[in-house]
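Database features, via TrEMBL:
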- 38-272: domain 'G-protein coupled receptors family 1 profile' (DOMAIN)
- 23-44: transmembrane segment (TRANSMEM)
- 56-79: transmembrane segment (TRANSMEM)
- 99-117: transmembrane segment (TRANSMEM)
- 129-149: transmembrane segment (TRANSMEM)
- 188-210: transmembrane segment (TRANSMEM)
- 222-243: transmembrane segment (TRANSMEM)
- 255-274: transmembrane segment (TRANSMEM)
Amino acid sequence: MYYSSVTEFILFGLTQDAGKQKAIFGVLLMLYLATLLGNFLIVVTIKTSRTLGNPMYFFLFYLSFADACFSTMTAPRLIVDALSQKKSISYNECVTQVFAAHFFRCLEIFVLILVAFDRYVAICKPFVLVILSWVGSCIHSLAQLFLALRFPFCGPSVIDHYFCDLQPLLKLACMDTYVINLLGVSNSGAICMVSFIILFISYVVILFSLRNYSVEGRRKALSTCTSHFIVVVLFFGPCIFIYTRPATTFPVDKMVAVFYTIGTPLLNPLIYTLRNVEVKHAMKKLWCSQV
């Protein structure tokens, strides 16, 4: 482990234009609140409903939980910093954000795989699989944290991003980062690529099995699989773009990051859960009874 002379970083954010920062504040605040509300409704509904007891809803419960937590790791600071003059973050907060963001992002990936497999494999021990997902996410995040802690920083301390991640921190490290970048790509990049390939194959298997369905059943299943696969592409596209390439930066990187830190946590509950008839029925029953 190296010791850094830097005790805090300055987050550059999305833009330095005051007018654009106010617009960013308003738009992202609404998107973040919508993300929290949608995922909170799903978590409470699945937790309290007696009709949503099969493994798929158990996995969707943790998907919504991971979505809300992942978005909370990055969105609030971005929203607050949009109106702040000093966008500083301490060294300890920064490395904590690296760990937490990668933990919940990886948990989302593993749960998405479980959701896909549950569609054609009877899963008898979903709790065990979720525990394994938590353990796998923790191992991945600890590896990211270990790499981040090896960076010696001697200035400047301005991160050209709106949250702490390995790629922006690599640019500030006072050392040869080739090996560390290679390790980061082999860790995060491999998880993104392998998981996407597994999900792609699983949906191909599902579509192949539709030939045994009736015309109406095939239509409904195809509609569901298509919408789910669109989410998978939107989820893994930015992930693969960011984490499977050498330590280079592009102007579009921050907008891509906004999409996967705020956009996909909002889309997941809309596509995976709120289009589900059983969930909508359980949600109406629960909240109408409360009213």
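Cβ atoms here come from the backbone N, Cα and C positions, even for glycine.
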Most Cβ pairs under 8 Å with the transmembrane segment (23-44), selected from 56-79, 129-149, 222-243: 56-79
Remote residues contacting the transmembrane segment (99-117) - C-beta distance under 8 A, at least 6 residues beyond either end: 56, 59-60, 62-63, 66-67, 69-70, 73-74, 123, 126, 129-130, 132-134, 136-138, 140-142, 144-145, 163-165, 188, 191-192, 195, 198-199, 202-203, 206, 228, 232, 235, 239, 261, 268, 272
Criterion met for the transmembrane segment (255-274) and the transmembrane segment (56-79) (at least three Cβ pairs under 8 Å): yes
CB contact flag for the transmembrane segment (188-210) and the transmembrane segment (56-79), at least three pairs under 8 A: no
